[in-house]
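Taken verbatim from Swiss-Prot:
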BINDING   Gly169, Asp170, Arg171, Gln172, Thr173, Gly174, Lys175, Thr176  ATP binding site
REGION    115-135  region 'Disordered'
SITE      Ser362  site 'Required for activity'
Amino acid sequence: MSIRAEEISALIKQQIENYQSEIEVSDVGTVIQVGDGIARAHGLDNVMAGELVEFSNGVMGLAQNLEENNVGIIILGPYTEIREGDEVRRTGRIMQVPVGKELIGRVVNPLGQPVDGLGPINTTNTRPIESPAPGVMDRKSVHEPLQTGIKAIDALVPIGRGQRELIIGDRQTGKTAVALDTIINQKDEDMICIYVAIGQKESTVRNVVETLRKHGALEYTIVVTASASQPAPLLYLAPYAGVTMGEEFMYNGKHVLVVYDDLSKQAAAYRELSLLLRRPPGREAYPGDVFYLHSRLLERAAKLSDAKGGGSLTALPFIETQAGDVSAYIPTNVISITDGQIFLQSDLFFSGVRPAIDAGTSVSRVGGSAQIKAMSKVSGTLRLDLASYRELEAFAQFGSDLDKATQAKLNRGARTVEVLKQGLHKPLRVEKQVIILYALTRGFLDDIPVVDITRFEEEFHAWLDSNATDLLEEIRTTKKLADDDKFAAAINGFKKVFVASE
């Protein structure tokens, strides 16, 4: 069998005609320096600020410093395998995280990867972690209440859906407990909660997850964790990942609560990155744009207009102070960004007043308009009662011969402090808060011994569940105070069966 030359040439021609060349062009640079989670690369001339880049071993990085002859990159993962001379290529993408209802009930890292051992998260939706906050015309005034279940907050510093309320205090003053109680209280409220743990011990995060699971709150909660052992870039990105996951629900008309625990550690991580990138340091060695770090995060919390679906994203940022110093750089920055703050004081905490909320310095700038009418009526005099009690308490230590009016104020104040105390993970429905505060402010508790107030309240709530369900239902549905006669009948009815301790 002989093969003719023309057949061979015809076959070659056919192969040439069918040949398609796919040339993949990518911008490639070279690592010239690496260490401490930072790499510098030469040759990435067209890279965007905030663009994802990929190292030759598959680890991703984020382009941050665009300089004349090199690019400063923060490495999002282990950096020990990256060497000088390694290749680094542009991806053309900016940082995105997975979003959607598939994340609910899961524990993820700031890149959206699951860390709870429950398998992969089956979602294809993603959102960029840096996105502009809603504009003025896309927003609406805060008018719906977000019930925390904590009497001292719902009565004195009410929070509305779409508000930013700072929780500030020293370490070990119960900041995380306030957030967990608020999340637990959102059961049956059609609220999605996101808890962002920044720079915490992994054992602490584990305890938080178990607490949420025990109270059935993990069914509507996403936990984003960047623990203390993780590189600084992940601590810096964690809050942005959390708010991005929340925005997906907000723009779909849902209500979201995001807790950032805590932003002091994020600021410290950002300071570390900035100093390693050789950015000029400012006050307390923080970079000049540390205010923008927090403002662009917290401005993404909003109550959207009806045209945008009417969703909301409420932010509860935490700041840890040193020895109660709220005039430091980061605390003053975040106080000026938020719509109010709740101060937790260590001396109150250690004296047994828990939650240790300082009513004098805590304020809510927009939450008052979101408070239900019943609550605003019964809590009107609380702040004054507490303030005059604290003032008179100091004088009462010097003299024993006090007039009747002063003694009455001291007695009312002592009972107010007792009523505002609350057990850990025992959030209270708003209708029960209204009734006990009504009893307090209208003088029904003045003849109950101070030592019995807590027991009186617990037994009263149980009694209401079986004997005054119609009164509870009326407050819950109308959100207004019922007739004084109904309240008096319920409170006096219970006082008849309550046995005071000797």
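One is the number of the first residue shown, and numbering goes on along the chain from there.
Note that Cβ sites are derived from N, Cα and C of the backbone, with glycine treated the same way.
A count of other CB atoms within 10 A of each Cβ picks out Thr176 as the most crowded of the binding-site residues Gln172, Thr176.
For the pair Thr176 (ATP binding site) and Ser362 (site 'Required for activity'), the Cα-Cα distance reads 17 Å.
The Cβ of Gly174 (ATP binding site) has Leu344, Phe349, Arg354, Pro355, Ala356 as same-chain neighbours under 8 Å, each 6 or more residues away in sequence. Within 8 Å of the centroid defined by the CB atoms of Gly169, Asp170, Arg171, Gln172, Thr173, Gly174, Lys175, Thr176, the record's ATP site, lie the Cβ atoms of Glu320, Leu344, Ser346, Phe349, excluding the listed residues themselves. Under 8 Å, Cβ to Cβ, and six or more positions away along its own chain, Asp170 (ATP binding site) finds Glu320, Thr321, Gln322, Ala323, Gly324, Leu344, Ser346.
In this structure, the C-alpha atom of Ser362 (site 'Required for activity') lies 11 angstrom from that of Gly169 (ATP binding site). The recorded positions examined here are Thr173, Ser362; by Cβ neighbour count within 10 Å, the least packed of them is Ser362. Local packing around the binding-site residues Arg171, Lys175 was summarised as the count of other Cβ atoms within 10 Å of each Cβ; on this measure the leading residue is Lys175.
Neighbour density for Gly169 (ATP binding site): within 10 A of its CB lie 27 other CB atoms from the protein chains shown.
In the three-state DSSP scheme, Gln172 (ATP binding site) is classed as coil.
Ser362 (site 'Required for activity') carries neither a helix nor a strand DSSP state and counts as coil. Shown for the region 'Disordered' (115-135): DSSP residue counts in helix, strand and coil, namely 0 helix, 3 strand, 18 coil.
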